[in-house]
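In what follows, a structure is listed as structure tokens, so that the remarks can point back to it.
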């Protein structure tokens, strides 16, 4: 050990220097935070418009940021802002589903069921981060996915999981976490603690559904039956399926590259031939695509020109080219 | 250069014992860790939110990015330890690690939505964490009297954990105030991290100038240094015991998951479990360190693992309700309090001061790798045989590991002076 030296002479300037630095850093941090707080959009639960047919609903990240907005489905009419605040939104058959988050300690998240006038009907408190939302064509069955993660001080770094819920709005029956559904994989009943489901999409009969399941590092397309409460894995490497209005095809994202740079491409799978076809979108799409009609898909991409996210459309048959439909938007949902 | 003339190390070397407090450098390092942990846990707490809500990415993308660098840090740690020992540059190497992590927050800000940029920022953060850990622990041990190592590490770990608890709170409060402005969290985290670096630069003593001849004489390559260290029987035995016990340590995430399945409590309580464990750890870190100093360090280290065994047993037995919840959280907290800092205090006397950082890196890396293997093994056992059998196997393995470690761990700590004389 060293000999102690009298350091009182050098201690004071050091304390002073650190205090000055602390003051500067605090000022920077506070200024930045105050500015961010001023720019914060307000949260609103009411809506200035209803769920009307022939409209394309989406979450706006520009005018009325964080709130649901809409555009006429055919043609490029004006956009109407002023819907409820949602992180993720979907609507069909006179029912809306709004996933929202309320920051706080601890933060809270909710799935809010909305009626045809976009008024709140039911609110379900959920842990986690809103991720995917779907309403069946009839508006009766709802599903959403929340993403939960362990904090690093728990030592569980990298451990994440999804919780997918299914709600029958007519009976009010809620399955909070569907991961206990009996799953058949490669012809056998599959048991594993790491089973995770996300991205459910419903058939018009309000019974059959498709979803993603991940287990042991792989993802699969599963077909499920609500009444029988059973699920079967059909195909590997399918995420976030979305069933076409005519019930014949599934749009999905397929992992085409390992790693984190541009991992996914949009594909459409024909359910009769089980043949898949890549779409004309060459960017990596990380979204559950929405069918605007039987020929067109809409999805969100990271925004251009400083926008957070944009909604693009692309023909569902692999032809044509992607088109920018909604600058500054996400969560597209066509109400037909 | 020490902060104050009435430094505990100084008085200790004078033959007087100051029982009341730890040395200035240890307190300074604790403060650096506290501030740094606030900074890093802020980001850790909001990254998933930022990914999924801010950027619209999927859980899988996040899980992938997050898990990517865990294996790398183990080796970076060895490098950090080695670099610190060469010429006694502990402060420089640890400081670079802290600085790199602080700068990674700016990287997150600048990356915008680009996953490649975010991946690079996360990698820089992990790199910084890997590099700084061993030099920092070496500094703590080098600035504490040998008979008060347990308390020094206890104080450091308690301060460190305080930061880890405050970080998420600060982050969620910021998101609350700014209505989810993630960039504000990154900015504040950067300021906080930079302040931690400044604290280190200003208040942690730097290198004691070694005679130039001695500095040049010291310089075996990294692998040779590690091998040379492992040639010391006592050090080898501590390493072996730590790795053996690590291989029977099921990750907390699994235990919390089991707890949740057994109790079926509201899921919104789930994030509070690690918080509870951290609180117990925080409260018991110093008492455990003091016990270790007074009655020998192998006792608390083994007892801590026995507490982990209690947690396994509670989950296996038909206990339920509140006793199970409180019991498991308490047992996990005791486990961390009695093992994490105590292991560093346990190993320090068996490593010569000029190889301290490398020695600590070797022990930490061995333990981390064996825990990685244990987690993978437990996951596989769960899948193959079901949870009951898997947990029974884990409990049996841990019992065997404790018995093995009890046989392996050297009984009386050699004063490092004798070892130094023998090796240099």
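For all residues, glycine too, the Cβ spot is worked out from N, Cα and C.
Model, not experiment: these values are computed from the prediction.
Feature annotations, reproduced from TrEMBL:
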DOMAIN    B:25-418  domain 'Major facilitator superfamily (MFS) profile'
TRANSMEM  B:106-124  transmembrane segment
TRANSMEM  B:161-179  transmembrane segment
TRANSMEM  B:185-206  transmembrane segment
TRANSMEM  B:238-257  transmembrane segment
TRANSMEM  B:269-289  transmembrane segment
TRANSMEM  B:301-318  transmembrane segment
TRANSMEM  B:324-347  transmembrane segment
TRANSMEM  B:368-388  transmembrane segment
TRANSMEM  B:394-413  transmembrane segment
Before we move on, state whether the transmembrane segment (B:238-257) and the transmembrane segment (B:394-413) share at least 3 Cβ pairs under 8 Å, counting only pairs 6 or more apart in sequence. yes
Given pairs 6 or more apart, does the transmembrane segment (B:394-413) have at least three Cβ pairs under 8 Å with the transmembrane segment (B:301-318)? yes
Would you say the transmembrane segment (B:106-124) and the transmembrane segment (B:324-347) are in contact under the rule of three or more C-beta pairs closer than 8 Å, pairs 6 or more apart in sequence? no
Same-chain residues at least 6 beyond the ends of the transmembrane segment (B:161-179) whose Cβ lies under 8 Å from its Cβ atoms: 33-46, 49, 185, 188-189, 275, 278-279, 281-282, 285
